[in-house]
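Noted in TrEMBL for the protein shown:
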{"type": "SIGNAL", "residues": "1-21", "note": "signal peptide"}
{"type": "DOMAIN", "residues": "201-234", "note": "domain 'ShKT'"}
{"type": "DISULFID", "residues": "CYS210-CYS228", "note": "disulfide bond"}
{"type": "DISULFID", "residues": "CYS219-CYS232", "note": "disulfide bond"}
Amino acid sequence: MSVLALAVCLTALLQNSVSQAALVNILTNDPNVQKTIVDKHNALRRVVTPPASNMLKMAWSAEAAVNAKTWANTCSMNHSSSGTRKISTSGCGENLYMSSNANSWDMAVQAWYDEVKDFKYGVGSTNGAVVGHYTQVVWYRSNKVGCAVAQCPGSKYEYFYVCQYCPPGNVQNLLTTPYKAGPSCGDCPNACDNKLCTNPCSYSDMYSNCPALKGTFGCGHPSVLAWCPASCKCTNEII
């Protein structure tokens, strides 16, 4: 082997080892990395403007993390099918981040949140720019998050980050108001942890007009009870 060939080989090996070392620092099987991701989301959810009266505190979901890892490993650089984004209690939303470098999760989540510069509460995107990553990060009802990252050699972006949020945010008719504006914890005065509510409803309504259905027909109607378990069964929780 020539000296030049040996040098090239050693350089490639060194780059690969550095790349692997960087990846290890952001793998989400590490509880410290999980905590970093959850803490970052909660820190951002606490400082929304205007303040949120019904913003739920997020926690890590191992189920969502498994799904996120499965999808990250495809290196598709595209969203997964909504039908595959499910945990035992609900469906899930999804944010993606692609990078040529093994950036920190703090940087990835902040990049999603920074779309706020193009968002106005009650209006939505102020200039047609994408704001859906921001609205998912601060969607009041999404209280479980699971994330993963994969290294994708040969792709345009070497690192593919995936976070899944359960229940999903970005409900079509509520896109301009991802949470209820009001005094922090105004909707959960007895279940509040530093501006975040800790009382999520464990049920999910099938339709966005369930409050109206409940008001019109009542939860004694079998169809309303079946379609709207959250509205019917959660009286003191955030729905």
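Placed from the backbone N, Cα and C atoms, the Cβ positions cover glycine too.
Automatic, uncurated: that is what TrEMBL annotation is.
With a cut-off of 8 Å between Cβ atoms, the residues of this chain six or more beyond the domain 'ShKT' (201-234) that come close are 89-91, 167, 171, 173-174. Sorting the disulfide-bonded residues CYS210, CYS219, CYS228, CYS232 by the number of other Cβ atoms within 10 Å puts CYS228 first. CYS232 (disulfide bond) sits 9 Å from CYS210 (disulfide bond), taking the Cα positions as reference. Put simply, CYS210 (disulfide bond) is 10 Å from CYS219 (disulfide bond) when counted between their Cα atoms.
Within the model, the domain 'ShKT' (201-234) shows a mean pLDDT value of 94, rounded to a whole number.
Counted with DSSP, the domain 'ShKT' (201-234) comes out as 19 helix, 0 strand, 15 coil.
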